[in-house]
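Written below as structure tokens is the structure these notes are about.
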Amino acid sequence: MSSPNTWSIGSSVYSPVFSQKMTLWILLLLSLYPGFTSQKSDDDYEDYASNKTWVLTPKVPEGDVTVILNNLLEGYDNKLRPDIGVKPTLIHTDMYVNSIGPVNAINMEYTIDIFFAQTWYDRRLKFNSTIKVLRLNSNMVGKIWIPDTFFRNSKKADAHWITTPNRMLRIWNDGRVLYTLRLTIDAECQLQLHNFPMDEHSCPLEFSSYGYPREEIVYQWKRSSVEVGDTRSWRLYQFSFVGLRNTTEVVKTTSGDYVVMSVYFDLSRRMGYFTIQTYIPCTLIVVLSWVSFWINKDAVPARTSLGITTVLTMTTLSTIARKSLPKVSYVTAMDLFVSVCFIFVFSALVEYGTLHYFVSNRKPSKDKDKKKKNPLLRMFSFKAPTIDIRPRSATIQMNNATHLQERDEEYGYECLDGKDCASFFCCFEDCRTGAWRHGRIHIRIAKMDSYARIFFPTAFCLFNLVYWVSYLYL
């Protein structure tokens, strides 16, 4: 008879303890053998992965973060900088330029929108926790020490407050602090307008500590110190963004030596607007003033009105061109061009005034007047045989009407009494006989229009050649 604690199977006898051991070994082998593991669908695998990630991420109770912050702020004095009395606090800075523009040339300033970041170490903010970094909002900013950074050349600066203050604070467990904020700054830029509108400028953005000298705070640029956004959305209008560069310098003042960080934005002016608004109209007005050289000199109202109109138009254009500039005391490139155009237009008017003056004030020959007054001179005057090469008056019969063909007027002018015109012009009596002195300029007043048709266009073309080569390539 068998014992109650044993089972008889065939010729083998098994105890309950041995049976339990065998069961455990079989379950262990089945769990290790991959063929008996169940196949999981993709959805099950994703859930498993997410669950695994959730398990590996330590769950941080809200109370733990509150305890950490309370412990950090307990006994913390935000009026004192880190490592005070030990070493200077090192501030690493970088910025992201969101946009630049517009540039106001009259006020000599430009607008820039940036994200400004500062990083430093504060040993008082170290903590031991599974949390590596505390991501905090702007409410924590006023409770810890923040660098007193200010922008030296800013005229006006605004921090963004909609919908909440655009400030961010990060505290790592090793005491590293990151503080970023978004700013819109109207910064001063001293524009040198000598080459306007072909000028290029480097507009700075300078910042430093307001109260801590170099012995207390030292600023340094990060490796990727300044980055820019999409320049196509920038409102530069008249300018093109060329590039940027950043520098570090020490400025000495009566209160100490301060580390000053600067970013220079290189801008180049676009000429399209000023070419359409100033250069082309001024050139056309100058060319229009030359039309008077082809109008008959006896058409006094036509030539006078044309000259006065072009002069007044140039005056208006010069006034409009100056409105887009500050009231600088030096001459710009545009001022030079407009002034020369005004001189050409005014000279065309003066040319006709000179021509009309000499034509309307011509006098008969003095010798002829004497002969008319004294009949004895007419009787006894002896004339040497000469050949008169002047064109004589001719009578032309046309349609039963008699017309006198006018003699060339250039032989009818005399030098004006009381005028030393012989020093500059050839008096007409002398010109006819060829008795004018050596070195005297031989100018025929009647042909001033013919001379002006060649001189004015040639001089203006030479001026444009020198002007554009000098300002664009030299």
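A Cβ is built for glycine as well, from the same backbone N, Cα and C atoms used for every other residue.
Different topological domain names are assigned in Swiss-Prot to GLY175 and ASP449, which places them on opposite sides of the membrane. Sparsest Cβ environment among the disulfide-bonded residues CYS189, CYS203 (other Cβ atoms counted within 10 Å): CYS189. A C-beta separation below 8 Å, combined with a sequence spacing of at least six in one chain, links ASN246 (N-linked glycosylation site) to TRP221, SER225, VAL226, MET261, SER262, VAL263, TYR264. Counting every protein chain shown, the Cβ of ASN128 (N-linked glycosylation site) has 8 other Cβ atoms within 10 Å. Across the fold, the C-alpha of ASN128 (N-linked glycosylation site) and the C-alpha of CYS203 (disulfide bond) stand 46 Å from each other.
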